[in-house]
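One structure below.
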Amino acid sequence: MSKVTTSTLLKFKQEGKKFTALTAYDASFAAAFDSEGIDVLLVGDSLGMVLQGHSDTLPVTVEDIAYHTRCVHRGIERALLIADMPFMSYATPEQAMTNATVLMQAGANMVKLEGGEWLLETVKKLTERGVPVCAHIGLTPQSVHVFGGFKVQGRDAENAQRILNEAKALEAAGAQLLVIECIPASLAKAISDALTIPVIGIGAGKDTDGQILVMHDVLGISSGYIPRFSKNYLKQTGEIRAAVRAYVDEVASGTFPGAEHTFN
Ligand SMILES: Nc1nc(=O)c2c([nH]1)NC[C@@H]1CN(c3ccc(C(=O)N[C@@H](CCC(=O)O)C(=O)O)cc3)CN21
Ligand SMILES: CC(C)C(=O)C(=O)O
Ligand SMILES: [Mg+2]
């Protein structure tokens with residue numbers, strides 16, 4: 001089975017074939033998710049919340065992500081491996097290059113950074129130097145204290161236009177993948193249609209090119225509350241591998257996300 005690359009995902013987009021992504025933080029879950037057909041695995045800074053028990057992602061360090069990236073890398077045969085760059089690890093292009101080096105050397109195939117306009121120079125520099133970039137806009141959890149909570153973004157016309165412009169600019173700067181989080185489905189569709197690169201949604205409706213969820217939500221073990229846009233697939237299947245297969249199948253068939261997982 002050949003490795004998933006950004007070219008594979010671009011081909012999926014062009015063919016209208018929806019693809020599936022999941023977070024993973026260790027080799028065993030990574031191997032299971034990979035063998036059940038998950039196309040993209042993300043070592044997310046969500047690990048600060050679901051593994052470390054913090055109430056946001058800000059305490060996560062580059063070494064935390066590097067450690068889990070090394071673990072996940074050993075479990076993968078096929079999936080594309082993305083590593084999140086933590087809060088303030090890419091505040092300047094120079095810091096971004098230093099810290100992206102650590103994550104790429106830990107086994108990542110690509111790094112993900114949260115931000116719009118201010119990030120363009122960094123995206124260009126990383127890409128030019130051989131680091132593939134996935135950009136992340138909309139609800140960017142590292143800015144939770146600026147937003148005043150984990151709130152849906154882009155609901156008014158002005159912010160919707162700004163987010164669409166950011167998406168286009170990030171693609172032009174060299175980003176090869178884009179995550180859009182917690183935005184209205186109509187805006188997510190407009191972004192996915194406007195871009196050539198594949199767009200992965202979370203809480204962004206059914207019309208993005210791919211979907212991503214946090215594994216703990218899919219397996220119903222997030223402590224406390226599970227975001228409205230997420231879905232516990234263990235409940236309907238009773239077995240981890242079957243839960244992952246159900247998620248893959250429902251994304252492929254367009255069943256997930258449904259209206260109840262979608263913001264307008
Ligand atoms: N377990 C888990 N799942 C995630 O999806 C996730 C994490 N952790 N940690 C990192 C970020 C934080 N995320 C979150 C967390 C909460 C909401 C949330 O409470 N959203 C409200 C929307 C409120 C509104 O309408 O503005 C919701 O009802 O889902 C959204 C994204 C997504 N990511
Ligand atoms: C939810 C995804 C997109 C993420 O950034 C993470 O898990 O940290
Ligand atoms: Mg993240």
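Backbone N, Cα and C atoms are what each Cβ position is placed from, and that goes for glycine too.
Under 8 Å, Cβ to Cβ, and six or more positions away along its own chain, Glu181 (active site, proton acceptor) finds His136, Ile137, Gly138, Leu139, Thr140, Pro141, Gln153, Gly201, Ile202, Gly203, Ala204. Annotated active site, proton acceptor per TrEMBL: Glu181, in sequence order.
What TrEMBL lists as 3-methyl-2-oxobutanoate binding site is Asp45, Ser46, Asp84, Lys112. For Lys112 (3-methyl-2-oxobutanoate binding site), the same-chain residues that are 6 or more apart in sequence and have a Cβ closer than 8 Å to its Cβ are Leu42, Ile82, Ala83, Asp84, Met85, Val133, Cys134, Ala135, His136, Val179. DSSP classifies Lys112 (3-methyl-2-oxobutanoate binding site) as strand under the three-state reduction.
What TrEMBL lists as Mg(2+) binding site is Asp45, Asp84, Glu114. Less than 8 angstroms from the CB of Asp45 (3-methyl-2-oxobutanoate binding site) sit Thr57, Val60, Ile65, Asp84, Met85, Pro86, Phe87, Pro141, Gln142, each of them six or more residues away in the same chain. In three-state terms derived from DSSP, Asp45 (3-methyl-2-oxobutanoate binding site) belongs to neither a helical nor a strand segment and is classed as coil.
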Task: Those residues of the chain, 6+ apart, with a Cβ under 8 Å from that of Ser46 (3-methyl-2-oxobutanoate binding site) - done: Thr23, Thr57, Asp84, Pro141, Val214
Open item on the list: Counting Cβ atoms within 10 Å of each candidate's own Cβ, which of the binding-site residues Asp84, Glu114 comes out highest?
Closed with: Asp84
